[in-house]
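Asker: What TrEMBL records for 68-155, 175-259, 269-353, 444-535 is domain 'Ig-like'. Here TrEMBL flags 517-606, 611-704, 709-811, 812-913 as domain 'Fibronectin type-III'. The region 'Disordered' feature in TrEMBL is assigned to 1082-1110. The transmembrane segment annotation in TrEMBL covers 985-1006.
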């Protein structure tokens, strides 16, 4: 703490003398004293330092010395908290105060953190809340720990015990709020701070209530965050726009609870235009010291003189201004302006020195001034108080300025002569003489030899000549200006260039004449020359600007526009301001530079010229009305002591106005009736009178939630998903606010198809405005619903109407989830589908549509449909189809209301078979280890090849000859098993061998070709009569071949029981194949066992191709 050499201290408003202890303990040299640790507690308090000398006393702002102790919890015996299961629990922490920030934790004695979730949470003060108690919450060591990082200390509260007694499952109950209490909370915080609002609910544990947040009348700002499982709302760095009413809603299945937060954003005192400045003045002048401060709420201003509250006859305190009239030397002092509110204070020391010396004129004596007839001139005289002495002149054209200068406008020839500036006070006087010479029009300024266009060779120098004549006595103000392309250039200008360039320069007589010369730079031989031209830009207008030193010093603002043919202007000014003015001209080219500012001109104070505008009436609370308006600008005050008179009365009910005088630009009318119209007027006034009569506006007092519910609620079911609901509107008086509209709430209770299936899906729609019916879409067919209606305004929702229960009719079913076409035969296909997930009614059957498709054009050739009765039908064997044709099938489920959307599937019937005819399957994934071929004739020999898709022609990687079984008349199937990964390894081995020796490669190639050709006829020779061999289950898969070995891993007789085949053949069609060791998989497909000779190598390309099922 520091003060100048002569000083004094106060502590808690009383004089205080620092202790005179030895130098190594307390130092007080130069106004500073030092306190050591062992003496700190006795020095707690609020201090001020006063520094003084013979010119006055300055003072500091008040500072507070606080000495916190070591934080600790008090020793106490805490009774156990005993509750029943489902009841709420609150464990208080009450953390001690300490130095710096603190962190609060809830842990057990073993330092295990207490888990927190949407049911268990901690508030900002460290208290632990249980929305509903569970058996697992019972324990004896709930401990609150507080950490102070600045002093590196952690303190612990005595452990608390919680006992939760078991009870029967309580019924669901409407939630409540453990924090905060009551219905509404007022939250006041400073601008720039962080807004934190908390709502911690309590309610039955099935389910724990959830918390939602909203701002009434507005959306929450984007920077809003939600913490503590949605129970805490945080808005950082708040400003005025974040002020308003917030609402939290705790909701569960039994109901909801709400709490309102009235958030008010205030700010500490601040300087609006900076602290007041010190002043040096002379005896007899008036001194104004203005303390321009702002803040919310408006701070209180106190004045001191040399540190003491002052009063006196020669001083006036006008709100935020101190006026010293006819100042005397004894008024020299240090004046203190202190603005304070609940959020702090600011202080300024203002040095006022009133001099008592004789005036000294700083302007030189016999200074000469020259002006042309009709022009204006200002003759300077720099001193405090002056008087100009001139004989025989008209006061209409002579204006003494505030800074001592004398201005003469529209000078005439007779104005030439000597002028005396005299300055005096009680200590003496002084004077200087100024000589004015008014010039006639005999020797005007003019350009006699303008510049000419020139043509030069690129790289050489161009010279432009401009000769002008002027009055020799005005030599000091004469100037020749050159401009190139609109920009001023030095008188000596040189430029090197190449190619063709066109440059423009100007020679101008100030404010009147401009002459352009065009310079053409071209290559050698170019003789183009431009004519010389004279340009004269007429002035379009003058702009008068002003600057005032009280509110916005240094900032120039436009005041008035004056036509270009005028040289004077009458200005409308505000009172009680210290003005200076300047003018700049504007023409077609643009604005010119501004003139030098005039001397200061102070306007006298006057009553306000206008009243506040943009009056707004709000009603955030039911029994009050908030009135706000746009205040007058500081320059519009017209004098000190600005106030506003707020007048109001009930519209049509009261004759007399109620008036209140306020300094802020808002006012709250309390104890009003709910939502009543008022007439409001705002009139401004200051110390010099009232403003004009105010305009009257109409507004309403605060709203409240509606009290009545809509009556006669009825529903009209339009179809299975849409209904019309109607009601009788509530009486306007029960709305208690501006009608927002009506909410329709509905919930599906149960399904009529399955009464045991209970729902709890709630929905609602808002319909704004005054209305008595609405259309509700999105219902589910064949269900029981419950519906209510309520009215709402800006404050909230009114009570719900009596519930109406209704049923929706049957609707069409949803799409069947799956449709497959399998077991394709020459003239039939087996269709299998699943029932719809939502029948939306009682199923009566299915609709089957099937279309014959042209495989070339994909157009529909023929269409048919059939109804399949029976709600449990899930398959259909469709017969009478054409052989080898593509069909598209559509299946849809049907109720009495109609059929739902169909599901499509395509499949083809089997074409007639011919010997030597090849079928080609779809592509087979290389990761697949088998493939099923169905639709074969029993007892028939087939050749099966596996071709590498995308390789060169004639590239066969596998060939086998198999024979289907004879037993039964149904078509057989073949399961082809082949290991592609083994084939890749063999190819890789062959490639490696080819790289080692060319001979080995050729030998392998010959051997491959020889073994790859195996005709069906040769195979039949090996087995001339298969049936005569007495095939049985033991010999069915045995072919003898002593020369060629089967491919490794490709045997069809080594099927194991773990293989599954996704075949579509139905179970009853394969009974004849289940002979001995045959197997069926889960979907009824048969896995047969076949064996035969297998050949590697290339095979000849078949003569024709056809469909192959593989």
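Each Cβ is built from the backbone N, Cα and C atoms, and glycine gets one as well.
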Asker: Under 8 angstroms for C-beta pairs, at least 3 of them, ignoring pairs fewer than 6 apart in sequence. Is the domain 'Fibronectin type-III' (611-704) in contact with the domain 'Ig-like' (269-353) by that rule?
Answerer: yes
Asker: Find the member of 68-155, 175-259, 269-353 that has more C-beta pairs under 8 Å to the domain 'Fibronectin type-III' (709-811) than any other listed stretch.
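Answerer: Maximum Cβ contact count belongs to 175-259.
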Asker: Of the stretches 68-155, 269-353, 812-913, which racks up the most C-beta pairs under 8 Å with the domain 'Ig-like' (175-259)?
Answerer: 68-155
Asker: Counting by DSSP secondary structure, give me helix, strand and coil numbers for the domain 'Fibronectin type-III' (709-811).
Answerer: 4 helix, 57 strand, 42 coil
Asker: Compute the average pLDDT of the predicted model within the domain 'Ig-like' (68-155).
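Answerer: Overall, the domain 'Ig-like' (68-155) comes to a mean pLDDT of 91.
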